[in-house]
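Okay, structure first, notes after.
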Amino acid sequence: MKIGIDAIAMDTPDFYVDLVTLAKVRGDDPDKYTIGIGQDEQAVPPSSQDIVTMGANAASQLVTPAIRASIGMVLVGTESGVDASKSAALFIHQLLDLPEWVRAVELKEACYGGTAALMMARDYVAGHPDKSVLVIAADIARYGLATAGEVTQGAGAVAMIVKAEPRLITIEPDSVYRSTSINDFWRPIYQDTAIAQGKYSTEQYLAFFQAVWDRYQEENKLTADNFAGMTFHLPYTKMGKKALDLALPKAEPQTVKRLKERFDASTRYCRRIGNIYTGSLYLGLLSLLDHDATLQAGDRIGLFSYGSGAVAEFFSGILQPGFSDQLQSAVHARQLDERQQLTVPAYEALFSDKVPYDPEDYRPDPAYFRGQFVLTGVVGQERLYEKRPAHASNATQQLD
Ligand code: HMG
């Protein structure tokens, strides 16, 4: 039985900051951001958008009556959880009015949490072939204003339906994974910004890639030449490029050309959105599928997942007949093009206006309400979400 991703959708905030503009304000050379790091724009979430609203906005695009009837689990991979106890899956379950006869759970291991959810979904479908699983990977990457990590921030969600006989891409049973406890990046529970040992984290990302890639080739008797494309966890696009370079030394010249071109296609959304932690690898897959019209059914795509702390996994998927019918490239292009650019002071104000880590009531600014689902407040220490009417969620109000 084939098991894999039947459908995929994304969501990202309607606001962004231009990174050339940000570089100039920070006194940096813009080439460092656009070439050295490989990022052009960065999604900026208002405080009314969190992993629940973005996850629900992405998932709502996939929950058809047939999925509603077959759904067995709702899994959310995230490291930006909104509660230390209750899972984001339950908030989303309520917003989407999903059936109660499901398991709804949140999974955490830094950026690897989305892959953990995907693999759990795959195993579940193997035992329950008539069931489908809603997998959501959603995060807000925050390092702080004027920090080294600032240029690698971002926000967004990817939702996927995992089921038997998928129409998009299989998840092959060829995974190689590795776990070792290290301190390259973490976030204490009393703050919403991450702590990164920047250079060490990039070295560890590459060391983990090399280790799982070498073992993957050995165990599966496959080399880079067997891949039509390779996608990577993208904390920023240059990081993935360095990992790809490690896979190419023994590849045929045409393989090198093909994998480099398709890598560029896989980075287009990340360049405009930034790091979305758990969803980054799957945003890269979506970007590749949306931007490369030469891919064909039967093509093998490699996926490298890395979560700081650290867990890494390399696996592959095979594109299925008619896979391109499942894609919505034009919708995604419009979604990104219609975002509103913020000035740097406006971005800084939005970054600083956040749900506080204390028991005080808090209300997000309604001027920034966008999309179908919003956080309207935290009152009496309870989070209040709202599903907005279609005409309100489509409105694009201009701000100063
Ligand atoms: P930095 O110190 O500001 O930058 O930190 P740098 O000095 O290392 O420069 C970056 C690159 O720009 C270098 O290229 C420079 O040469 C180049 P490289 O040597 O790497 O190829 N450069 C220029 N290029 C063109 N023109 C110029 C110019 N100037 C410099 N004028 C760092 C960079 C990524 C470390 C920082 O942004 C950071 O700490 N980010 C957060 C941590 C991170 O993203 N780590 C990635 C690996 S860990 C991971 O992926 C997991 C993660 O997603 C979290 C999770 O799992 O949950 C982060």
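Each residue, glycine too, has its Cβ placed from N, Cα and C.
According to TrEMBL, the features are:
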- 2-163: domain 'Hydroxymethylglutaryl-coenzyme A synthase N-terminal' (DOMAIN)
- ASP29, TYR143, LYS242, ASN275: (3S)-3-hydroxy-3-methylglutaryl-CoA binding site (BINDING)
- GLU79: active site, proton donor/acceptor (ACT_SITE)
- CYS111: active site, acyl-thioester intermediate (ACT_SITE)
- HIS233: active site, proton donor/acceptor (ACT_SITE)
- 257-350: domain 'Hydroxymethylglutaryl-coenzyme A synthase C-terminal' (DOMAIN)
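Overlay of TrEMBL annotations on the structure.
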residue: ASP29; record: (3S)-3-hydroxy-3-methylglutaryl-CoA binding site; DSSP class: coil
residue: GLU79; record: active site, proton donor/acceptor; DSSP class: coil
residue: CYS111; record: active site, acyl-thioester intermediate; DSSP class: strand
residue: TYR143; record: (3S)-3-hydroxy-3-methylglutaryl-CoA binding site; DSSP class: coil
residue: HIS233; record: active site, proton donor/acceptor; DSSP class: coil
residue: LYS242; record: (3S)-3-hydroxy-3-methylglutaryl-CoA binding site; DSSP class: helix
residue: ASN275; record: (3S)-3-hydroxy-3-methylglutaryl-CoA binding site; DSSP class: coil
What mean pLDDT score does the domain 'Hydroxymethylglutaryl-coenzyme A synthase C-terminal' (257-350) have in the model?
97
Roughly how many Å lie between the Cα atoms of ASN275 ((3S)-3-hydroxy-3-methylglutaryl-CoA binding site) and GLU79 (active site, proton donor/acceptor), rounded to a whole value?
12
Just checking: which of ASP29, CYS111, TYR143, HIS233, LYS242 have a Cα that is within 10 Å of the Cα of GLU79 (active site, proton donor/acceptor), counting only these recorded positions?
CYS111
Could you state the CA-to-CA distance between TYR143 ((3S)-3-hydroxy-3-methylglutaryl-CoA binding site) and CYS111 (active site, acyl-thioester intermediate) to the nearest Å?
15
Going by C-alpha positions, which of the recorded positions (ASP29, HIS233, LYS242) is nearest the residue listed as 'active site, acyl-thioester intermediate'?
HIS233
Between HIS233 (active site, proton donor/acceptor) and LYS242 ((3S)-3-hydroxy-3-methylglutaryl-CoA binding site), how far is it from one CA atom to the other, in Å?
12
Within the domain 'Hydroxymethylglutaryl-coenzyme A synthase C-terminal' (257-350), count helix residues (DSSP H, G, I), strand residues (E, B) and coil residues, in that order.
51 helix, 21 strand, 22 coil
Across all chains shown, how many C-beta atoms besides its own are within 10 angstroms of the C-beta of TYR143 ((3S)-3-hydroxy-3-methylglutaryl-CoA binding site)?
20
Residues with Cβ closer than 8 Å to the Cβ of LYS242 ((3S)-3-hydroxy-3-methylglutaryl-CoA binding site), same chain and 6+ apart in sequence?
THR202, LEU206
